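Listed features, source Swiss-Prot:
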BINDING   His129, Glu160, His270, Glu274  Zn(2+) binding site
Amino acid sequence: MEARNMTPFTYFSLPMQKLFLRNQAAVRNKPYAKYFRTEMRVPLSAVRKIQQGPMALEDTLTPSIEDINRLLEPDFVSEESGYALLPGPMAYVQSRKFFPGCTAQMFKWWFIWHPAESERYTLWFPYAHVSNPCVHHQRLCDESLSFEERLYGNTFCASEYVGDRLMHLHIDFQQPASLGLNTDLYREAKIDGSVSALMSLADHPEVPVSLMVHLFKEVPGGMYLTSRYWVGAHPSMARFPGAEKAASLLKENGFGEAELETLAYEFAVHDMCEFNHLASFLPDLYREFGTPAA
């Protein structure tokens with residue numbers, strides 16, 4: 001894998017800077033404190049794509065079953081970053097991140113390990129992450145179960161900044177097939193795992209306002225994570241019970257077209273920062289603290 005040009009990401013909103021200082025103090029005496037790092041580096045190429053502004057609609061995917069399965073096609077190559085506002089309205093984010101020296105096992109372990117303590121979650125994005133407890137933590141930690149049995153059907157309750165907005169979200173992890181991904185195509189694509197989910201506002205967990213797809217696959221030298229986020233209203237979301245209420249709920253919470261486009265941009269930046277940062281330390285963290293997740 002050829003070397004990438006990584007650059008420091010240095011702008012964070014004032015609430016995020018204040019959160020960083022609180023997180024830094026909280027993690028200080030933890031055995032993993034050295035992995036709490038000030039500098040966050042991201043691929044310059046990903047930054048430049050986001051700087052080009054919203055994507056053309058013909059280059060985006062919708063959350064329809066047909067479109068999400070394009071991610072599994074042999075000749076489909078995801079762009080490194082990008083965002084757009086889809087008709088609906090719906091925020092759209094796409095990304096593809098490389099994790100040098102990382103394996104699928106390491107990535108699975110991270111999703112088992114980090115919810116146990118808020119301080120662990122802050123390692124992932126020190127300026128944005130507050131807490132991410134798991135509803136069924138005992139099941140998540142049950143080593144007699146496979147990774148999929150521990151994660152799917154489980155809910156993480158994330159509190160995090162996206163831009164300067166503090167969001168409280170329920171992330172309901174699902175079997176890929178439950179979200180519409182074709183089982184045969186998934187197998188043929190040799191995907192090593194999925195941490196895909198429906199997302200809702202914490203105050204209204206019965207209304208999914210977002211579909212989030214994360215597919216990871218080992219390659220020579222590391223692992224790729226291909227991601228898509230859709231937040232808002234779209235006819236194809238009707239396959240998920242409660243999603244028909246998403247448009248009115250988001251509007252009630254101040255998410256009109258302009259706010260959703262801003263959210264798409266901020267989510268694109270957030271995704272770029274958090275996953276590239278995780279990639280920078282996960283292999284070392286796993287070697288020190290890791291145990292098999294499946």
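Every residue gets a Cβ built from N, Cα and C, even glycine.
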Which one is it: of the binding-site residues Glu160, Glu274, which Cβ has the fewest other Cβ atoms within 10 Å in this structure?
Glu274
Per-residue Cβ crowding (10 Å cut-off), top of binding-site residues His129, His270:
His129
In the same chain, which residues outside the set His129, Glu160, His270, Glu274 have their CB within 8 A of the centroid of the CB atoms that define the Zn(2+) site?
Trp124, Phe125, Ala128, Tyr161, Val162, Cys273
